[in-house]
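Asker: Handing you a structure now.
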Amino acid sequence: MRYLTAGESHGPSLTAIIEGIPAGLTLHPADIDHELQRRQGGYGRGARMSIETDRVQISSGVRHGKTTGAPITLTVINKDHQKWLDVMAVGDIEETLKLKRRVKHPRPGHADLVGGIKYHFNDLRDALERSSARETTMRVAVGAVAKRILAELGIDMLHHILIFGGITITIPSKLSFRELQERALHSELSIVNPKQEEEIKTYIDKIKKEGDTIGGIIETIVQGVPAGLGSYVQWDKKLDAKLAQAVLSINAFKGVEFGAGFDMGFQKGSQVMDEITWTPTQGYGRQTNHLGGFEGGMTTGQPLVVKGVMKPIPTLYKPLMSVDIDSHEPYKATVERSDPTALPAAGVIMENVVATVLAKEILETFSSTTMSELQKAFSDYRAYVKQF
């Protein structure tokens with residue numbers, strides 16, 4: 001399985017082409033639209049999300065609600081493009097129109113300046129448009145297809161926010177996977193403690209009035225993955241490493257950890273290793289899950305626990321100092337449309353990116369020309385692991 005995305009933030013549309021999806025997977029536009037709508041939600045989103053109503057168009061690879069095994073083409077129209085027809089025109093335009101929305105004051109924390117240097121851009125909009133988080137629309141769309149595969153194999157997942165700006169979410173003890181999932185899904189903030197909703201919303205409103213932004217830490221949990229996905233035989237086959245690369249590729253993500261993560265640097269080995277158990281009904285298990293479901297780059301059969309840290313959005317309505325790329329004089333950075341926080345949306349993106357990596361690993365590990373073939377191979381492997 002592989003995919004490419006294309007499109008600019010204010011261009012006509014966004015596109016993804018996915019190759020390697022088995023034939024016979026039930027797939028409807030509504031499956032993808034559901035995830036796209038989740039990405040657009042969450043408290044603290046800005047004006048752009050009130051303009052766009054993301055809906056996918058499937059133009060290949062699906063017929064009568066079933067995948068055919070051919071490449072799948074997904075497209076999402078950018079409604080806002082109608083206001084940018086001159087600025088984002090494909091053909092040449094008058095010089096005065098080119099200057100209309102030219103970006104020459106790069107924003108600290110964005111790809112503007114370095115992208116302009118690398119690709120020799122006189123107008124930093126050429127970097128800004130593609131590096132925008134709008135691209136993640138299509139990674140969510142691809143992830144929605146991946147989640148359909150995982151669902152057919154009995155794999156489920158959730159995400160929730162652990163830290164919202166400077167506020168740590170208190171996680172009620174002994175919540176099941178399903179309870180965590182339901183609480184996060186029904187929260188505008190993707191948190192599992194409803195008692196903290198108003199406190200955080202008030203904080204977001206304050207940050208917005210100040211023209212500032214906040215980041216935080218997101219946790220994704222995956223249930224139902226058997227032991228043995230990934231490999232220790234080469235560095236680039238380790239599944240946790242693949243997940244780390246994918247999570248860090250999400251806009252504004254600056255760190256990733258698994259299970260207890262960086263806290264393990266302060267503990268002894270006897271405190272963090274997950275002792276092995278075995279029962280006739282369940283097979284192998286673990287007393288704990290400090291390692292987040294991974295050993296040696298392979299899944300252990302425990303829930304996968306992946307955490308990502310998102311920096312505050314770098315576009316500020318109270319802009320920081322920058323430099324004019326023409327005169328090299330100090331200037332306030334360019335202001336583009338932005339949100340005080342996009343943590344709930346980033347959680348949806350992270351969840352779908354993780355789903356894509358897992359689906360790809362499964363499709364490369366098991367016979368997968370058709371879904372029925374994949375389901376049988378996966379079921380047989382589960383049975384093997386249980387009796388090992």
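Including glycine, each Cβ sits where the backbone N, Cα and C put it.
In case it helps, Swiss-Prot gives these features for our protein:
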- Arg39, Arg45: NADP(+) binding site (BINDING)
- Arg130, Ser131, Ser132, Asn251, Ala252, Gly296, Lys311, Pro312, Ile313, Pro314, Thr315, Arg337: FMN binding site (BINDING)
Asker: On the Cα atoms of Arg130, Ser131, Ser132, Asn251, Ala252, Gly296, Lys311, Pro312, Ile313, Pro314, Thr315, Arg337, which are listed as binding FMN, what is the maximum pairwise distance in Å?
Answerer: 43
Asker: Could you say which of the binding-site residues Ala252, Ile313 has its Cβ with the most other Cβ atoms inside 10 Å?
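Answerer: Sorting the candidates by Cβ neighbours within 10 Å, the top entry is Ile313.
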Asker: Go through Ser132, Thr315, our binding-site residues, and report the one whose Cβ sees the most other Cβ atoms within 10 Å.
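Answerer: Of the binding-site residues Ser132, Thr315, the most buried by Cβ count within 10 Å is Thr315.
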Asker: Pick from Arg39, Arg130, Lys311: which of these binding-site residues has the biggest number of other Cβ atoms within 10 Å of its Cβ?
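Answerer: Of the binding-site residues Arg39, Arg130, Lys311, the most buried by Cβ count within 10 Å is Arg39.
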Asker: Can you tell me how many other Cβ atoms are located within 10 Å of the Cβ belonging to Arg45 (NADP(+) binding site)?
Answerer: 18
